[in-house]
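**Student:** The anthranilate 1 binding site annotation in Swiss-Prot covers GLY81, ASN112, and the record cites sequence analysis as its basis. Annotation comment: Swiss-Prot describes GLY81, 84-85, THR89, 91-94, 109-117, ALA121 as 5-phospho-alpha-D-ribose 1-diphosphate binding site. Annotated Mg(2+) 1 binding site per Swiss-Prot: SER93, GLU226, in sequence order, evidence recorded as sequence analysis. For ARG167, the entry in Swiss-Prot reads anthranilate 2 binding site, with the evidence type sequence analysis. Annotation comment: Swiss-Prot describes ASP225, GLU226 as Mg(2+) 2 binding site, evidence class sequence analysis.
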Amino acid sequence: MRLDQIFATLFNNQPLTQEQSAEFFRAVVNGEVAPEQLSAALIALKLRGETIDEIAGAVTALLTAAQPFPAPDYPFADIVGTGGDGANTINISTASAIVGASLGLKIAKHGNRSVSSKTGASDLLSCLGVDINMSAENARQALDEIGLAFVFAQKYHTGFKHAVPVRQALKTRTIFNILGPLINPAHAKRQLLGVYSPELLKPYAQTNARLNREHSIIVHGSGLDEVAIHGKTQVAELRDGKIEYYELSPQDFGFDVKPLENLRGGEPRENAEIITALLQGRGTDEQNQAVAMNTALLMKLFGHENIKQNAEQVLAQLASGRAFDTLVKLTAY
């Protein structure tokens, strides 16, 4: 059996090819890998360090196995973070997705329940009255009509359930933590992706290149999986097959450095109140700045190159309260 060969390769500390990795993860989501085998394989991958081929193979397998989403022909993007930064901030990427859509961008936001913070994207949106389990057809209609869809990971990646007991028992990060942001079932070719460690910038950029993604901006902001208001943000930008590495500071967006403490979040209900106030034009300077900086880079994925002008536009949109209208419309689907 081919799986035996794959296990032998892993346990000899050798890397899998992209095809072998795809075959292994196909077997995982089909429930064909015993928990003991999966546990051993995940640890073998982790200790050696997952290669770009292994990550890309896993992504390909998981996207093929996912429940279908009717992806549109027009350009659209995803904005997502790895989580795991331990900072417990408000849901900046979810707020940025809503604001971006209110400015005319098309955003299919992939998200899940919280893993390490108190409030994940789906926890927050549920609290705000959004049907996170809406059908793929309804989500696509929302994307067409209001520029925003929420693509709930658990609904589309049903095969993940086979890995849950092992992941919970291992209590450590595995390749599954890396895969989450890469497996949007809508197959977004553009993405703003926040990572919990600067060491992940290069592998994510290289994996997105291997997967022929059009334009990805991968960020790590001084300890956050977001663009930072409190310090430097390291960036890996993939465009047309080329990867560029650079740093951004709040000044590049027209802002001063602000303390991170003022972005602390809480339980879902608490975060929902904060995000509602923010979208209605009642956010604090720090909250507005965080969303403006992240949305400014989201706009860059659609050809708006001047991030300072983008940030100004976002601040004006927040002050107007129009972003809240987009959220209200989303609750109707």
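The backbone N, Cα and C atoms fix where each Cβ goes, glycine too.
Give me the local environment of each listed feature.
**Tutor:** The Cβ of ASN112 (anthranilate 1 binding site) lies under 8 Å from the Cβ of GLY120, ALA121, SER122, PHE152, ALA153, GLN154, GLY180, each of which sits 6+ residues away along the same chain.
Note on ARG113 (5-phospho-alpha-D-ribose 1-diphosphate binding site): other Cβ atoms within 10 Å of its Cβ, all shown chains, come to 15.
In three-state terms derived from DSSP, GLU226 (Mg(2+) 1 binding site) belongs to neither a helical nor a strand segment and is classed as coil.
According to DSSP, ARG167 (anthranilate 2 binding site) sits within a helical segment. Sequence-distant neighbours of ARG167 (anthranilate 2 binding site): residues of the same chain at least 6 apart with a C-beta under 8 Å from its C-beta are LEU42, THR174, PHE176.
Taking a C-beta cut-off of under 8 Å and a sequence gap of six or more, ASP225 (Mg(2+) 2 binding site) has these contacts in its own chain: GLY81, THR82, GLY83, GLY84, ASP85, GLY194, VAL195, TYR196, VAL219.
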**Student:** Applying a 10 Å Cβ distance cut-off over all chains shown, what neighbour count does SER93 (5-phospho-alpha-D-ribose 1-diphosphate binding site) have?
**Tutor:** 23
**Student:** Just the number: how many Å between the Cα atoms of THR89 (5-phospho-alpha-D-ribose 1-diphosphate binding site) and GLU226 (Mg(2+) 1 binding site)?
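**Tutor:** Rounded to the nearest whole number, the Cα-Cα distance is 10 Å.
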**Student:** Write out the long-range same-chain contacts of GLU226 (Mg(2+) 1 binding site), meaning residues 6 or more apart in sequence whose Cβ is under 8 Å from its Cβ.
**Tutor:** GLY81, THR89, ILE92, SER93, GLY194, VAL219, ALA290, ASN294
**Student:** Under a criterion of Cβ-Cβ distance under 8 Å and sequence separation of at least 6, what residues of the same chain contact HIS110 (5-phospho-alpha-D-ribose 1-diphosphate binding site)?
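**Tutor:** For HIS110 (5-phospho-alpha-D-ribose 1-diphosphate binding site), the qualifying residues are ASP78, VAL80, VAL151, ALA153, PRO181, ILE183, ASN184, PRO185, ALA186, ALA188.
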